[in-house]
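Asker: Just passing along the structure, written as structure tokens.
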């Protein structure tokens, strides 16, 4: 209760006491978020009996690699992993380039019909993805892109959310910079690549992480487009063996999910600094 | 300014929406299907086959036998996960990128046959060799559009060790005996609950429907044009179902995985489930657990009808190699191939003759499922069934958890189902 007692202004202890209270709340929140996640990783080393144990156990009584070896044995994990990385990187690069281009065009260039274009982009945000699944697939099939990487990557190359994010960020950049570039005789592409893009780094980091995550976790679309197993991505591959018609093999599922999630953590840790900065700057306007 | 913006936004949305609609607008396909004969001679060429889950994983092993017997034939199996397989097939049908042969869940048959993408079953396949309950869902508008590959049905799993402790010597055969057994488990064998029944939501309709059928009731009219949910049999079934919860014999809430744990740890005595759980329970229960439970035909009133499901094989009309496709399916449904498949995948044979094999006949738990299949029914074959099933399960939850009256629930089921219609 000491945390709630008001402390005199200017006292050195005040921020610390305030923080202790905040830390307590944060710790509880963190535990709620992390506990299931930790259980997933720990339990991927358990056998079926222990996974079902009641009350749930934490540490595996007899740790086993059986789930992993079964998964690796059944799955062409190298292939699925390569597909996932390739698709996620291509999607991320595409989003970084096209969303920022479109965002720039919507934020800083004046041309007739701009609002209609923006309206179209926004309306795409409001249509649930499921409703667009079959029509998009029909278009992809008519382009002859079924069972190709291009078919998996293309439809997600300029996500409306990303366009919106970049537009909002670029809107906040001073026009004077662009005008200065124009005065010096730079063309639109030069302005975009040399002035705008470098200033967008925090927003690009945010967009990069979001795009990578979305592509990495994507399940339905890669499954629908891929017609042969050598085009499957990791989530599709893991679901293939872990989820059966009637029953789930939780051991396989936990091991598969752990393998699925580790690369994401690596990406996030690497980009974290930019990511946090991106959120902070976006809020500054 | 804001207003104009909103109007433009609306126009944009409309434009996109209309694009979506045109892409979806595809004619449903003619109903003038006639089953073409399959030409004699050797099977040849390449077949692409889509199969889900473990079936897709293990089919190549089985199909090697067909390839060996038919030189020059190549079976290319694409395995895919069960979740979302329906969407993948729907997309492929819309875009015309279907394989030659695919495995489909029984509940999708009405929908896919309705698109006109499936070939009717030719006379090459003797449909009389299958369980009648398995032929029901593949028959749409009086014509068969698919062939049952394997079946599943719900039987009564019970803890035989605890039942003996509770002083009962044989599995319950009637509704009254089932109720008495549930009480005995709880009171004499000291289990926490007598029986596990889904308290609404997923899976509950698959336990409730058999209760209607067991009294001779039906949930759809014989012409398949209207639902019959507000019947005395339905009210009776709901009342009986609800009573297990009201008397504390069945748990009102559970988490994924609880049922498996409760059954193996002796916290419940009985559960209605399918053959795949025999292996699952034995794994979770550990060494020797398979001697502690048994499988019996579901109890009944005038009949002991259970729920039948499974998966079917279909051939798509734009297959370039349909003769070989049907020959392959014919081979897959030969009794000895079906028992071989049971050995590999533990899927129950859809062909009655296959059940004479010692691997099934000699296994007391498995043989029970074959017996149950002779008295089993499939869900109605109408395109709107998934929706209707949902609303039935919502109503089950309302009476079990919300304490509403079975009579009102049955009336509401009928009203809402009438609004949805049967899609024909």
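Glycine is no exception: its Cβ is also placed from the backbone N, Cα and C atoms.
Unlike curated records, TrEMBL annotations are generated automatically.
Got these off TrEMBL a minute ago, pasting:
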- A:21-42: transmembrane segment (TRANSMEM)
- A:80-104: transmembrane segment (TRANSMEM)
- A:81-271: domain 'ABC transmembrane type-1' (DOMAIN)
- A:116-143: transmembrane segment (TRANSMEM)
- A:149-170: transmembrane segment (TRANSMEM)
- A:191-214: transmembrane segment (TRANSMEM)
- A:250-271: transmembrane segment (TRANSMEM)
Asker: Given a Cβ distance threshold of under 8 angstroms, which distant residues of the chain, six or more beyond its ends, lie next to the transmembrane segment (A:149-170)?
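Answerer: Tertiary neighbours of the transmembrane segment (A:149-170) are 83, 86-87, 90-91, 94-95, 98-100, 102-104, 106-108, 118, 121-122, 124-125, 136, 140, 143, 196, 200, 202-203, 206-207, 210-211, 214-215, 218, 221-222, 225-226, 231, 233, 281-282.
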Asker: The transmembrane segment (A:80-104): which same-chain residues, six or more beyond its ends, come within Cβ distance under 8 Å?
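Answerer: Residues 121, 149, 152-153, 156-159, 162-170, 192, 196-197, 200, 203-204, 207-208, 211-212, 214-216, 222, 230-238, 263.
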Asker: What same-chain residues lie close to the transmembrane segment (A:21-42): Cβ under 8 Å, and 6 or more beyond its ends?
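Answerer: The answer is 3-4, 56, 58-60, 254, 257-258, 261.
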